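Here is the structure we will look at, set down as structure tokens.
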Amino acid sequence: MWTHPIAYDVIVVGAGHAGCEAAYCSAKMGVSVLMLTSNLDTIAKLSCNPAVGGIGKGHIVREIDALGGIMAEVTDQSGIQFRILNQTKGPAVRAPRAQVDKQLYHIHMKRLLENTPGLHIMQATVESLLDKEGVISGVTTKEGWMFSGKTVVLSSGTFMRGLIHIGDRNFSGGRLGDPSSQGLSEDLKKRGFPISRLKTGTPPRLLASSINFSCMEEQPGDLGVGFVHRTEPFQPPLPQLSCFITHTMEKTKAIISANLHRSALYGGCIEGVGPRYCPSIEDKIVKFSDKERHHVFLEPEGLHTQEIYANGLSTSMPFDVQYDMIRSVLGLENAIITRPAYAIEYDYIHGNVIHPTLESKLIEGLFLCGQINGTTGYEEAAAQGLIAGINAVNKVFNRPPFIPSRQESYIGVMLDDLTTQILDEPYRMFTGRAEHRLLLRQDNACARLSHYGYELGLLSEERYELVKKQNQLLEEEKVRLQKTFRQYGQSVVSLAKALSRPEVSYDMLREAFPNDIRDLGAVLNASLEMEIKYSGYIDRQKILIQSLEKAESLLIPEDLDYKQITALSLEAQEKLAKFTPRTLGSASRISGIASADIQVLMIALKKHAHH
């Protein structure tokens with residue numbers, strides 16, 4: 001076996017969305033990085049939908065940007081439609097989403113990585129890990145090469161023993177057209193990693209020229225919406241396209257119902273559990289049998305292709321059923337399928353062997369990120385890649401780990417959830433997973449997290465100073481409006497009080513009091529309005545967080561023997577030993593741990609501290 005002459009600080013295995021963030025941020029932080037991928041032409045490939053963001057997910061992309069990651073930048077460069085979802089709802093659940101050109105997304109990401117100093121990219125398929133007495137030392141590849149590394153970041157996506165299903169036919173693959181990885185999964189099993197199966201799926205792609213868009217609802221984008229933090233409204237660099245909405249018909253339901261036994265999902269071919277919030281069309285027909293129709297969103301895959309992503313028609317039906325099903329949908333009567341829908345099963349590792357830093361508990365220096373940890377979605381994967389890359393570098397330099405808390409970020413919510421829960425389905429981020437979501441809005445991600453990005457060396461001083469200046473300006477304006485009183489309606493009130501009324505907007509106040517209300521630009525105007533309008537709720541959540549911080553920050557020693565704490569319930573002893581939470585707050589969120597057990601543990605920790 002040939003040994004590569006260069007020893008790297010960080011080796012990243014896989015070049016999906018997790019791997020790209022891990023490789024970029026590691027190199028940006030000043031270490032030598034090698035990224036290995038089985039195909040250089042599929043770097044950052046959007047394997048499923050041609051979109052980034054959405055509810056919860058868009059918040060994560062903004063947080064990645066605030067910390068100095070690259071998903072937001074590449075999305076803005078590649079976007080062919082930008083929207084804000086939930087505009088009629090409260091600010092906590094409003095979220096940016098972009099349709100992107102799949103080819104351009106790959107091209108922009110590959111170019112960015114290739115031009116990152118300290119980052120080497122190479123085509124090779126990793127088959128096994130190398131370690132010395134439980135400490136990672138490198139990897140070996142199918143090609144017969146060995147690479148040495150102080151740390152390894154594993155981001156294998158759906159490739160570990162990936163199995164593709166189309167009806168009763170199944171075959172090995174990491175995604176349609178790409179081989180799966182067999183050796184790596186076997187190597188991890190031999191090392192004692194608990195591994196189970198999950199499933200995901202993707203709908204068929206259709207030829208645009210064969211679709212009758214005239215009978216569908218057109219869905220254009222919104223102006224001025226991007227992902228990278230800016231002071232002024234975003235101007236997309238690419239031409240913008242519309243999506244279209246149609247729906248299934250009674251005939252669609254009949255076709256699917258008559259062929260359920262031929263679905264890989266319902267025919268018993270699939271053992272892995274699929275994502276609850278992204279069900280297949282056959283799942284929707286069965287679970288929502290009272291509904292006569294289901295929405296289908298037709299999303300363009302790019303500017304230079306006619307392929308259309310049929311969002312809402314994910315299925316594992318055989319191709320002949322897919323053909324009939326597609327042609328039963330309104331406007332798709334003559335649709336031509338360019339790529340079939342399929343389901344894919346893959347291996348993932350249980351969260352109880354992963355630290356919140358995303359370092360493995362079984363092999364020191366091995367970090368895991370993305371779908372290997374049981375998540376689904378590009379955004380969740382990218383965020384994990386960022387955290388894994390940061391902490392791999394911290395490991396190399398013997399620095400303290402970086403773990404954003406669930407009180408300050410959706411990324412922190414995800415890290416905590418993944419390492420304190422046993423997943424029975426792929427994990428997807430929603431705003432409802434956060435206890436303090438009004439504080440974790442998509443518009444204030446930079447205010448919350450940019451100081452970390454700057455301290456880590458991922459954000460430039462210029463960018464950080466801009467964020468600080470904006471934060472200071474918002475705070476000064478908020479105080480000024482609280483102290484400025486004017487006649488408004490029947491009474492004299494502060495302008496902040498006037499703005500807090502539901503029917504009053506910042507623009508309305510600017511028109512009424514042009515000498516008192518400053519125009520800070522559309523982006524800051526909107527943020528200031530939300531901060532003032534919801535200040536009562538925000539202040540209450542901040543007080544609640546302060547009261548919880550003591551429990552959240554109370555560290556649990558790694559060598560604590562839970563069996564010796566006899567007042568703990570047997571279930572609590574077993575689950576605490578299994579997950580080994582870092583803090584009392586994390587312990588409290590493990591399923592099956594009662595509040596009485598937390599009280600007992602708190603007393604035990606205080607006694608332990610005295611000793």
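Any Cβ shown, glycine's included, is placed from N, Cα and C.
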Checklist line | Co-listed FAD-binding residue [Swiss-Prot; alongside Gly14, Ala15, Gly16, His17, Ala18, Gly19, Val126, Gln371] among Ser78, Ser180, Ser181, Ser316 | finding: Ser181
Next item on the list: Just jot down the residues in the same chain as Gly16 (FAD binding site), at least 6 apart in sequence, with C-beta under 8 A of its C-beta; none if empty.
Entry: Ala44, Lys45, Ser47, Ser155, Gly157, Gly370, Ala381
Next item on the list: Have a look around Gln371 (FAD binding site) and count the other CB atoms within 10 A of its CB, chains all included.
Entry: 28
Checklist line | Among Gly14, Ala15, Gly16, His17, Ala18, Gly19, Val126, Ser181, Gln371, the record's FAD binders - longest CA distance, Å | finding: 18
Item checked: Proximal but sequence-remote residues of the same chain as Lys284 (NAD(+) binding site) (Cβ under 8 Å, at least 6 apart) -> Lys291, His294
Check: Cα distance, Gln371 (FAD binding site) to Val286 (NAD(+) binding site), nearest Å?
Finding: 27
Note to self: Roughly how many Å lie between the Cα atoms of Phe288 (NAD(+) binding site) and Ala18 (FAD binding site), rounded to a whole value?
What the structure shows: 34
Note to self: For the C-alpha pair, I'd like the distance in angstrom between Gly14 (FAD binding site) and Cys278 (NAD(+) binding site), rounded off.
What the structure shows: 24
